[in-house]
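According to TrEMBL, the protein carries these features:
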type     : residues                                             : note
SITE     : TYR4                                                 : site 'Interaction with substrate rRNA'
BINDING  : HIS19, HIS42, SER109, GLU127, GLU155, SER156, ASP176 : S-adenosyl-L-methionine binding site
ACT_SITE : ASP176                                               : active site, proton acceptor
Amino acid sequence: MFSYRHAFHAGNHADVLKHTVLLATLDYLKQKDVALTLIDTHAGNGIYRLDGDFAQTSNESASGIQQLIATATNAQEALDPTVARYLDMVRQFNDELSSRTKRLVYPGSPALLQHSMRSQDQLHLFELQPADMRALQGNMEQGPYANHTHVWHEESFKGSLRFLPPPSRRGLVLCDPSYELKTDYQQVSQWLSEALRKFATGTYLIWYPVIPRPEAHELPRKLKAIARQAGRGWLHTTLAIKSGGKPGVQLPGEKVERTGMVASGMVVINPPYILREQLQKALPELVRALGQDHLAAHTLESAEAP
Ligand SMILES: C[S@@+](CC[C@H](N)C(=O)[O-])C[C@H]1O[C@@H](n2cnc3c(N)ncnc32)[C@H](O)[C@@H]1O
């Protein structure tokens, strides 16, 4: 059984990047009235209390959403619209949103999708961890469009493929594994190849950790190659909030400083054409807000369909 619980990490810098890109992409797709099928292959709980035991243990949101709120509250200038849109969604789950807010509720990707969908859309959420699945079910039953929201307690690399292609041939799929298993990296690549074979025009958002592990390093390159082979365009972005570790030579007996994950990335296949321009403006703002040292940075690259 998995030991990963997203409640320990909710609202961290990776969620800020992932959810900002997710909302910007979905907003664009909603410009057409045609029904959308929305799929979250790795859903988690859906909603998190950042003052709860899990979140307090790691306090990762302090360098993510809480830091962004503090910066936004004190900002003299208007916020970038893509960042503001994300913060507005977080605000919808809280009575007030300020740097003094102690009891922050954080919407995970299922809640963001459910609160952004329309009456014509369908939402499919996959979660394997039993306790998280039950929490997800409870949270989604209380949200809007509960009748259009389907929670599946099953393995999603296989399960999600049965919804492709969607009846309207319009869909967004978020693939956000915990990468707890080394095999997840390989599975993501295989899943994307198969998903594109079944539904080449779908918009796919894949999150991955930027960590010193060969599989993680290789993954974006593989995903871009799969998109290229399928004749699809892609966008790739990363956000790092600080340097990955103490530079220099480690002295004998010196304790290695563990920094945790300090950067993550998103690969978007068939991205909206305006996403690059939106992120070009939003990412420097996220770096300014969340950056902790001079190595805080973003990257952004994209390619149109060949
Ligand atoms: C990173 S968390 C998801 C966070 C969520 N997408 C969000 O942004 O709020 C990954 C979740 O996937 C679940 N999981 C892991 N492997 C899975 C699989 N093969 N199928 C379905 N769920 C899985 C884990 O239990 C965990 O809750």
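Cβ coordinates come from backbone N, Cα and C, glycine included.
Remember, it's a predicted structure, so these values are computed and weren't measured experimentally.
Positions of TrEMBL features highlighted on the structure.
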residue	record	Cβ contacts under 8 Å, 6 or more apart
TYR4	site 'Interaction with substrate rRNA'	GLN129, SER178, GLU180
HIS19	S-adenosyl-L-methionine binding site	TYR86, MET89, PRO107, SER109, LEU112
HIS42	S-adenosyl-L-methionine binding site	PHE126, GLU127, SER156, CYS175, ASP176, PRO177, SER178
GLU155	S-adenosyl-L-methionine binding site	PHE126, LEU128
Determine the Cβ neighbour count for GLU127 (S-adenosyl-L-methionine binding site): the number of other Cβ atoms within 10 Å of its Cβ. 26
Specify the count of other C-beta atoms within 10 Å of the C-beta of SER109 (S-adenosyl-L-methionine binding site). 25
When you look at HIS19, HIS42, SER109, GLU127, GLU155, SER156, ASP176, which the record names as binding S-adenosyl-L-methionine, what is the longest CA to CA distance in angstrom? 23
In three-state DSSP terms, the structure that SER156 (S-adenosyl-L-methionine binding site) belongs to: helix
